[in-house]
Amino acid sequence: KMVDPTLAEMGKNLNEAMKMLEDNQRKVEEENDKKYARKDIPGPLQGSGQDMVSILQLVQNLMHGEEEEETSQSYRLQNVGEQGHMALLGHSLAAYISVLDRERLRKLTTRILSDTTLWLCRLFRYENGSAYYHEDDREGLLKICRLVIHTRYEDYTIEGFNVLYSKQPVIYISSAARTGLGQALCNQLGLPLSCMCRVPCNTMFGSQHQMDVALLDRVIKDDVESGKLPLLLVANAGTPGAGHTDKLGRLKELCEQHNMWLHVEGVNLATLALGYVSSSVLAATKCDSMTLTLGSWLGLPAVPAVTLYRHEDPSLSVAAGLTSSQPVEKLRALPLWLSLQYLGHDGIVERIKHASQLSQRLLENLKNLDFIRTSVEDELSSPVVVFKFFQEYSKRDQTSHAAQASTIQHPIISNERHIYDTFNQWLGEQLAQLVPASGVDVVELEDEGTCVRFSPLMTSAVLGTEVQDIDQLVDCLKMKIPVLTSTLQLREEFEQEVRRTVGLLYIEDLGWPGLGVVRYNYHSDEKNDDKQEKELEKINTELLKKLNELESDLTFSLGPEFGGQKNCVYIGMVTEDLDVSELVETIAATGREIEENSRLLENMTEVVRKGIQEAQLQLQKANEERLLEEGLLRQIPVVGSVLNWFSPFQASPKGRTFNLTAGSLESTESTYVSKAQGTGTTPPPTPTSSLAKQRLPGQKAFKRSLRSSDGFSETSSISHCDDLERMDQRPPALSPGHEQGPLEMEKTEEQKEVAQAQTDTEDIHRDKSPPDCTKVEEQASQR
């Protein structure tokens with residue numbers, strides 16, 4: 001039974017608030033009538049105030065108000081379960097506890113802090129450790145750096161940065177560390193960037209994502225000889241990119257040799273809570289400090305990160321900011337304290353174990369897939385799986401590529417690397433879109449290039465990833481691999497076909513994930529570049545529209561929104577049954593058709609303008625001739641009427657008609673004589689593409705008929721032979737004594753040919769040789 005009524009009311013209000021905020025089905029009817037509601041416009045603060053329901057409704061509108069406008073962008077909210085509610089309740093309790101009297105607050109915060117620290121140290125096998133709770137995951141390392149500076153420079157508290165002149169401190173980080181980590185530390189510590197040393201990874205032996213220990217040893221010795229002070233080494237137990245672990249055992253020995261501090265961070269530290277831990281990760285328990293990000297590992301929202309450390313001088317910890325005497329600062333651990341109790345030891349271990357099992361299941365499936373290359377540190381237990389699409393060279397191409405590989409900067413090698421990066425970028429985006437619950441993303445690695453990464457420890461608890469999601473991910477990957485291989489194989493053929501085709505220009509865009517980019521090259525004698533550019537844009541835009549109207553499985557577009565070429569047609573991914581020659585011919589023919597129609601319109605406009613001017617001149621000349629024929633008297637109003645009454649003047653009407661087909665003026669005398677307008681010359685047919693081949697019913701454009709066309713021709717030939725047999729079985733009968741006329745003689749000759757065809761048909765049935773059917777068809781066609 002709840003003793004404190006305030007706590008009971010707080011829990012009830014939190015449940016009601018979360019239920020209201022998570023109800024995505026509520027919609028305000030006024031917002032449907034008006035695009036911009038009045039309440040969305042910021043106004044003055046109301047004097048009477050608002051109730052909690054109205055305020056929560058406003059928060060909900062701010063969270064979900066733009067969903068209708070962003071329907072094209074699918075996003076997935078974090079799966080906030082009951083353990084998430086406990087973490088959110090911790091923030092409310094922290095605000096409530098902070099108003100207690102000082103003594104009670106001190107006792108409560110000390111208990112919360114000590115319990116949480118003890119649980120985490122036992123859970124992650126870090127004995128005799130202290131804990132610092134922080135919101136920013138880099139803040140713990142920053143405090144550790146200050147602690148080491150205070151420890152190594154005894155007068156730093158009094159003299160400050162002046163003591164750094166004698167011996168410049170050096171902080172060593174791996175080149176595989178998080179981007180911008182070294183610069184952020186230098187900025188916060190007030191140190192120059194020269195105090196940060198990036199240690200390269202292995203190049204010859206071991207993982208290419210692990211720190212080169214031998215090189216690090218030489219660098220430290222060189223810094224000591226130059227008068228510098230090696231201060232701290234930041235190692236990785238799971239690099240941000242590939243999830244590999246540095247050789248922590250050797251690094252710890254090196255740090256003890258040079259009196260340096262060893263700090264470890266990374267996602268693989270979560271596996272310390274499991275029963276089986278790899279030796280490389282287990283060595284992290286001997287380091288001086290480590291940073292844990294429990295929020296993403298356990299799916300807990302708004303819980304702080306934790307930095308565990310060992311140090312004997314509490315005063316230096318207070319000076320570095322790792323320990324605070326303010327009770328309110330200690331309440332940062334309250335959300336984590338509640339969440340850990342709710343989950344329990346078994347619940348925490350089960351979540352981390354579930355994430356590890358997901359990665360192992362994906363890795364086992366990837367081993368059975370062709371054209372997929374994985375990059376994992378330990379195939380038996382690797383929490384992070386990195387893979388990429390890569391097509392091995394055929395045996396005949398290995399010799400040429402081996403010769404090219406001798407030159408690192410060879411343009412073909414660099415282009416090939418760029419193409420694979422583009423394809424893997426597309427693959428990662430497709431998988432993330434098709435299976436959003438998997439949490440896969442795209443990562444850029446220095447040696448492997450663009451890869452697809454699956455890190456369930458960072459995403460599975462948040463997204464609720466299950467085994468069926470992994471199976472669905474593998475199924476989607478199996479569907480995408482044939483598309484990638486076909487597109488990669490047909491890219492070169494498409495480039496060659498386009499370069500051989502007159503009127504088309506191949507645009508090399510290595511960043512486009514598809515068959516290629518083509519532009520219809522418009523030729524014009526116009527010297528105005530702006531007009532040429534507009535005409536080129538008009539033709540290619542119309543070409544894109546025509547291609548999209550075809551019934552095909554291809555996607556034609558204008559390319560990416562940023563960074564693409566202008567006035568081009570971008571062709572997306574294709575399948576193996578694509579007829580590249582037909583595609584290129586259709587693009588060229590359609591482009592010529594659009595260009596001819598455009599020129600026809602331009603020429604017609606000029607011809608019509610000139611025809612109108614010529615017609616005006618001829619009509620003016622005809623009026624002058626009519627005046628001369630009628631005479632001057634007939635032009636006088638009254639006299640002309642009387643004269644026309646006594647002596648009518650017979651004049652045939654003379655007009656002009658403009659023939660659009662011939663582009664010339666013609667007289668209208670024949671129209672008035674025949675009382676009908678002549679059709680004139682038959683207009684030429686509209687230029688159309690004659691390259692569209694006949695397709696079978698249901699067959700889409702640009703598809704190759706593999707064996708269906710051959711089978712169809714053989715079947716039709718055999719059926720034709722059967723028809724000839726039936727014709728031979730019904731010869732025309734002649735009466736005896738009847739003389740054969742020319743017609744009968746022709747029939748006799750025809751009968752002979754039919755008999756010969758029958759003989760050939762019998763040979764076909766005896767030998768079952770399809771080529772003889774062709775002879776029979778030729779004879780029938782000659783007949």
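Just so you know, the numbers here start at 1 and follow the chain as drawn.
Cβ coordinates come from backbone N, Cα and C, glycine included.
Where the annotation comes from TrEMBL, it is an automatic prediction and has not been curated.
The feature coiled coil, as given by TrEMBL for the ranges 45-72, 353-380, 605-632, sits at 605-632. Broken down with DSSP, the domain 'PDXDC1-like third' (494-599) shows 48 helix, 15 strand, 43 coil. According to DSSP, the secondary structure content of the domain 'PDXDC1/PDXD2 second' (382-488) in residues is 68 helix, 16 strand, 23 coil. Note on the coiled coil (605-632): its mean pLDDT in the predicted model is 73.
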